[in-house]
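The FAD binding site annotation in TrEMBL covers GLY13, GLY14, GLY15, LEU16, ALA17, GLY18. Annotated compositional bias 'Polar residues' per TrEMBL: 251-263, in sequence order. Taken from TrEMBL, the feature domain 'MnmG N-terminal' applies to 9-225, 266-414. Annotation comment: TrEMBL describes 237-265 as region 'Disordered'.
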Amino acid sequence: MAERATKRIKVIGGGLAGPEAALQAARYGCEVDLYEMRPTRSTEAHQTSDFAELVCSNSLKSESENTAPWLLKQEMRRAGSILLAEADASAVPAGHALAVDRIEFSRRVAERIAAEPRITVHREEVTHIDENDPNTITILASGPLTSSALAAELQRLTGSDYLAFYDSISPIVDAGTINMDRVYFAARWDKGTADYINCPFTKEEYDVFLDALTTAEAVEAKPWEQIPEAAFETRHLDRSETGAPGLDSETWVSSESKGSQPTPEKLQYFEGCLPIEETARRGRDTLRFGPMKPAGLTNPKTGRWPYAVVQLRQENLRADSYNLVGFQNHLKFGEQNRVLKLIPGLENATFLRYGQIHRNTYINAPTLLTETLQLKAHPSIMIAGQLSGVEGYTESIASGMLAGRYAAALAHGKTPTPAPRASANGSLTHYITHAEGKKFQPANITFDLLVPLEEELRKKVRDKKERHKIQCGRALEAWNEWLAKPHLHSAC
Ligand SMILES: Cc1cc2nc3c(=O)[nH]c(=O)nc-3n(C[C@H](O)[C@H](O)[C@H](O)COP(=O)(O)OP(=O)(O)OC[C@H]3O[C@@H](n4cnc5c(N)ncnc54)[C@H](O)[C@@H]3O)c2cc1C
């Protein structure tokens with residue numbers, strides 16, 4: 001039984017990081033107030049008032065052993081991440097990836113929160129944070145779509161400007177409206193189970209589709225999409241879903257640009273992270289070698305790879321809806337309905353959701369945050385989730401998990417010990433707190449962030465997979481040691 005903490009924990013945000021932080025802090029004996037503004041006030045992307053709503057894809061990325069997303073999840077499982085456990089319990093078939101039934105996932109998280117007597121839920125927008133309250137540790141986990149009043153409050157506290165960048169949503173199609181005679185199930189290179197529906201194109205079909213896509217009408221930029229006159233770089237981050245084997249069928253790519261205000265005609269996009277129509281404009285074959293890559297996807301009807309392919313990934317356990325992998329876009333809904341129906345097999349499709357693009361907010365963590373996710377200027381305020389500069393569902397949950405544990409230690413009058421640098425969790429934190437402030441970009445977990453192998457070992461082990469295996473082994477060892485440290489247990 002955990003001993004009672006002397007300070008309360010206030011968690012702002014009922015998305016992914018917030019509930020995980022709240023549940024962790026409660027588990028370690030703290031009284032927690034969890035604030036969520038929905039349904040009173042919603043964001044541009046959320047559609048429900050549920051906790052832990054996945055606003056876009058339903059994938060928590062790769063489960064392939066010795067990949068970076070797998071490593072992060074393994075560490076989280078060992079540390080007892082509550083949301084990841086509920087994600088595991090809500091899993092749907094998705095080849096090498098962990099994808100979840102989003103409704104079931106949210107329902108389970110809500111159940112866990114309701115069952116925790118130490119958590120009090122407040123359905124209200126937080127617009128003020130008292131940095132001088134000696135009795136409260138605040139975890140700010142209000143996400144990439146933090147309400148503007150709270151963003152202004154954050155600016156007051158940090159004294160620095162916030163950033164805006166763009167992020168995209170792929171369309172979802174009603175499975176019952178897919179013409180199954182024209183499509184086929186297959187796993188790329190026959191690796192894993194054949195969970196993806198593939199829509200095969202001939203050259204003629206591809207040409208027609210490409211012409212329609214590149215000339216379709218785009219949405220005008222809304223006020224919330226405008227990039228503010230940022231003090232440092234403005235950026236765009238996007239996901240390009242590839243479905244490639246060995247990957248988690250989802251690769252987030254980012255790059256940066258110095259931004260000026262976008263015009264309605266032309267939003268600023270970044271190399272390697274474009275909406276599908278922008279990628280298509282790069283060249284007639286760009287899609288065929290990118291998100292519409294047919295390699296390894298043999299069509300059983302022809303025995304050959306098609307000219308190009310659109311992959312559909314299962315959305316929920318009932319398998320009654322699928323998302324169009326990599327088809328985030330910024331087209332008008334009517335135009336999407338017209339253009340996407342040119343995809344073979346989707347000629348009579350009903351789209352349950354169209355692609356969209358949204359503003360995101362995050363802080364300049366290298367300047368503002370300590371390795372235990374506390375604001376340097378106000379140590380009783382912590383930042384977790386996407387707002388802290390990590391990128392992705394799993395990374396946001398991981399960050400909430402760490403914040404909850406650190407906050408619990410602080411509430412018990414202990415000094416939290418940061419996650420070890422060698423671990424995936426520690427590497428993510430190390431990245432956001434040590435990257436160059438001026439060029440800071442949010443990041444997913446990748447091997448680039450982990451401690452590299454010594455030069456000698458690198459030369460000896462030529463195979464990349466083998467090197468990754470060694471890095472994962474070292475990370476898990478360091479993580480286990482950290483988990484076993486008494487300072488964490490003394491907080492419970
Ligand atoms: C449009 C979009 C699509 C994305 N798609 C993906 C994807 O497909 N895959 C992926 O891995 N990542 C994706 N991300 C990135 C990121 O993983 C998610 O945004 C993730 O939900 C971040 O978790 P979080 O807990 O930090 O924030 P959120 O999950 O957004 O939770 C923050 C919560 O805080 C609440 N809130 C905001 N302001 C206040 C306030 N003032 N008072 C009280 N409550 C407040 C919000 O209502 C929200 O519920 C996407 C992001 C966006 C914006």
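Note that Cβ sites are derived from N, Cα and C of the backbone, with glycine treated the same way.
As the structure is a computational prediction, the values presented were derived from the model and not from experiment.
Per-residue confidence over the domain 'MnmG N-terminal' (9-225) averages 93 (mean pLDDT, predicted model). Other than the site residues GLY13, GLY14, GLY15, LEU16, ALA17, GLY18, same-chain residues with C-beta atoms no more than 8 angstroms from the centre of those residues' C-beta atoms, the FAD site, are VAL11, PRO19, GLU20, ALA21, GLU36, PHE51, ALA52, ALA141, SER142, GLY143, ALA384, GLY385, SER396, GLY400. Sequence-distant neighbours of GLY13 (FAD binding site) (same chain, six or more apart, CB under 8 Å from its CB) are TYR35, GLU36, LEU140, ALA141, SER142, GLY143, GLY385, LEU387, listed in sequence order. For the domain 'MnmG N-terminal' (266-414), the number of residues in each DSSP class (helix H, G, I; strand E, B; coil) is 40 helix, 31 strand, 78 coil. Neighbours of LEU16 (FAD binding site), defined as other CB atoms within 10 A of its CB across all chains, total 32. Taking all protein chains in view, 29 other C-beta atoms sit within 10 angstroms of the C-beta of GLY15 (FAD binding site). GLY18 (FAD binding site) is surrounded by 29 other CB atoms, counting those within 10 A of its CB over all protein chains shown. The candidate set comprises the binding-site residues GLY14, ALA17. Of these, ALA17 has the most other Cβ atoms within 10 Å.
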